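A quick write-up on the structure given underneath.
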């Protein structure tokens, strides 16, 4: 998955 | 990571610690809605499906594990613990939360960032989290009086999403193509749902009185 749509928030 | 998001995560963690403190210290879950706890467990389980596939950071992984473990622990404790479960307000906690699950899932099928299994469940968890507090607020409304720890639990639980809204505003202005409009709109709805509780919580805090919700 591209870094943009990585869900980095909890 | 920015200060707003970190403050939000810490506030969320504090709310969970206050809840655990209330249940273990008083050996009672009176005033706590089991349905809200079950909805939160579902929120974390469906939101963190990427727990083992996408590694973001040690902090991210640890917090996800803490949120999943603590929400499941509270549900199990309220259902199984022979002393705690006796104090559960079963006849007050009657909100039909299955409708919230159904509505969130249908909405997630219609409105999501990408029609994939993970994205649909992520959107579902975002919508469900906005509504998950309803059984708890209804229970408090019906029981009238709110004990301190329960009041603090709901207060911190509401405050954390308010910090996240500041985080989204900050990220919108500092990161060019940042768009979390699903989480942002849902987070706004979630924070507004707490508004009346915040109002009565502030009034009781100002008058240094026990918190009373109008029946």
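Counting begins at 1 with the first residue displayed.
A Cβ is built for glycine as well, from the same backbone N, Cα and C atoms used for every other residue.
TrEMBL does not curate its annotations; it predicts them automatically.
Remember, it's a predicted structure, so these values are computed and weren't measured experimentally.
Residues B:179-202 are the range that TrEMBL records as transmembrane segment, among B:11-34, B:179-202. Note: the stretches the transmembrane segment (B:121-141) and the transmembrane segment (B:179-202) are in contact (3+ CB pairs below 8 A, sequence gap of 6 or more).
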